[in-house]
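As structure tokens, the structure follows; a few thoughts come after it.
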């Protein structure tokens with residue numbers, strides 16, 4: 001009888017799997033029960049444990065989730081149909097039972113269980129739904145996820161993961177379908193999706209979106225252990241078409257070769273990283289009304305909870321195929337590639353074995369591949385693995401190895417964690433808006449009350465003045481009237497007296513008339529007294545009115561006092577806000593000091609583009625950290641401190657009279673400038689002008705070094721390059737290069753000029769303002785980092801000149817040759833440092849492409865270096881460029897024939 005062995009699902013595993021299934025949802029438990037019944041009760045499969053609720057907080061507690069493994073069988077190809085026509089397949093699939101039988105011979109076979117078994121007839125859509133879709137859904141909920149393909153060369157890994165399906169949409173692979181689901185589930189206004197596409201070739205991480213970036217460093221957070229690639233190109237994706245274009249560009253740069261097992265065999269591991277940032281809605285703020293004095297109330301912000309941001313990462317890994325040298329027929333460089341691939345896959349297998357056996361030591365540092373996949377196996381990501389196999393019995397050994405790799409991977413447990421953080425940027429904006437509203441309302445009320453008091457006071461003064469004026473006029477009129485009547489009476493009496501003196505006879509009559517007149521005068525005097533009394537009474541009434549208005553003024557004054565108390569309360573609140581701003585400013589200074597220490601520790605890891613890659617890594621790492629909830633917790637990261645304090649406030653510190661404050665502020669600005677998303681804001685806020693002013697006026701070496709580094713990062717943008725040139729930036733950088741002695745300062749200045757050298761429109765101006773001479777003058781330092789930046793600048797300048805000459809926009813000899821750069825280029829063309837040698841070789845090839853430079857190339861001895869580059873250069877693209885340059889130049893060909901040099 002045939003003996004059948006079961007490699008998965010035995011009694012030892014069932015107990016552990018039962019424990020995992022105990023925490024599943026009722027729906028998942030019911031599914032397991034149905035699957036168990038279909039298998040006759042002899043086998044029990046597992047599913048990944050339930051994920052936490054979407055609203056859970058990021059914490060150290062996670063949920064166990066086993067690595068899910070699916071196996072996919074490739075149909076026989078034309079070669080196998082012809083060669084193995086008389087032999088049966090070495091594998092037999094039982095997809096309804098999730099089993100696979102591997103035949104040893106006609107009588108014996110081994111049986112294995114997987115989470116999914118996909119036949120050769122399974123569609124790409126079916127593969128995506130059972131392998132990658134659960135991982136993609138977890139990523140959209142805030143968890144990290146990994147989808148990986150493993151198998152022998154030519155078994156369909158790249159077809160499963162990276163097929164673009166431009167001719168037939170049904171043939172689309174997991175990468176395209178996953179991005180389609182992600183873009184359909186995000187909101188463009190609040191969410192963002194960014195992509196990096198890399199390859200691991202010969203233990204070097206290369207950027208498939210920017211081939212010049214060919215040795216990216218891996219950075220590991222010493223506190224959390226998270227692994228990141230700060231030097232990789234990150235592109236934000238808005239639609240499916242742009243993502244497919246990125247994949248097409250990356251696949252064009254991926255290294256492949258023709259072997260006996262596959263006509264287009266991938267010679268590198270491809271890694272697609274998709275970073276998803278989502279805003280969680282439904283978090284409301286709460287306004288609390290606090291009662292004030294005398295029944296007045298003021299509405300204040302009692303508790304503001306910022307929006308929650310979920311950050312997750314999807315990693316899709318297309319591993320290079322394992323192969324045996326005798327079967328693939330690899331030789332020469334292809335043999336070295338195969339050795340490197342097998343070594344990295346062997347290191348991955350060792351890590352899987354250690355994790356499956358719960359070994360205390362997992363050798364993740366044996367390979368860069370295992371370091372990159374540290375979070376996928378035994379980490380916090382939800383991982384799905386698809387192992388691809390072929391049916392041919394000739395490759396039974398490789399098929400067995402692939403199946404056993406998948407079986408061991410199924411034993412690996414990950415602790416899935418939800419990653420959330422608070423969006424302090426929007427909270428800061430709301431606080432600023434609320435503060436502006438309070439200040440405006442305070443100013444409006446104060447202006448209203450001041451105007452009301454002035455109006456009441458002016459009205460009272462007008463009424464008092466009017467009453468006094470009327471009273472005075474009335475008294476004057478009465479006085480004049482009575483005085484005139486008195487004068488008239490006296491005059492009449494005098495006339496009568498004269499008549500009486502002249503006529504004694506009439507004296508008696510006159511006396512009588514006089515007595516009558518005196519009676520009339522007496523009556524008049526009485527009337528005058530009554531009128532005067534009435535005038536005094538009227539004056540008294542006016543005085544009462546004046547007293548009444550004074551009382552009204554006192555009441556208004558009391559209201560003003562009350563308003564002033566309210567203003568004092570508002571002023572105290574303003575002082576509290578100013579104290580908080582002071583605390584934030586101190587945190588800003590403290591974080592800049594931390595960033596400076598981190599830059600020093602990572603100073604040796606900078607790439608050719610950014611001058612502060614270590615500090616850029618610090619910013620990206622601190623963004624994913626949890627927010628500070630207690631006063632004695634971890635310090636806020638620089639990016640969040642920038643969002644809370646505001647860019648204008650940080651830039652204002654550049655003009656501080658205190659040297660330490662100025663140093664810390666320029667360091668923070670430099671760290672922010674290392675991130676492309678902040679560069680436009682810095683330039684719009686006048687940060688570029690402030691940095692150039694510091695470079696011109698400061699005598700502090702640290703300030704000049706950091707300011708030059710920030711300018712170098714800003715110079716990576718073409719728009720900023722025009723601004724730097726317009727504001728005399730090249731002249732300032734040249735002066736700094738001639739004065740500085742510190743290698744790090746020279747490295748920053750050289751990096752800034754090197755970035756400007758890559759702009760076609762600035763060639764003549766850059767050389768006219770002394771940029772090339774300053775670049776060549778810095779070689780006096782002799783430091784490798786400085787020489788690398790100088791070589792990069794010369795390569796950029798030569799490349800732009802070559803392109804301009806090809807387009808017919810430039811005639812005449814190269815400006816680099818006119819400035820005497822060729823002897824230095826020839827001297828360093830075979831430099832021991834790889835970055836210097838690579839850029840110098842590239843610059844020499846571009847110079848030789850222009851026929852008018854050929855005589856100088858020959859006279860300076862550069863022809864021999866070009867011949868060496870075309871034969872021995874490690875970079876195939878540079879080697880081919882040198883060969884093409886030598887064969888296309890008549891002058892160089894004639895000289896080579898004269899010297900007897902053969903290509």
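Any Cβ shown, glycine's included, is placed from N, Cα and C.
The feature region 'Disordered', as given by TrEMBL for the ranges 550-593, 594-637, 638-681, 682-725, sits at 594-637. Annotated range for coiled coil in TrEMBL, selecting from 450-477, 478-505, 730-757: 450-477. Listed in sequence order, 157, 319, 321, 322, 387, 388, 389, 402 are the same-chain residues six or more apart from residue 151 (ATP binding site) with CB atoms under 8 A from its CB. Spatially close to residue 155 (ATP binding site) yet at least six residues away along the chain are 74, 321, 388, 389, 390, 402, judged by Cβ distances under 8 angstroms. Within 10 Å of the Cβ of residue 156 (ATP binding site) there are 22 other Cβ atoms, across all protein chains. Looking just at the coiled coil (525-594), the mean pLDDT is 78. Per DSSP, the secondary structure of the repeat 'ARM' (645-687) breaks down as 35 helix, 0 strand, 8 coil.
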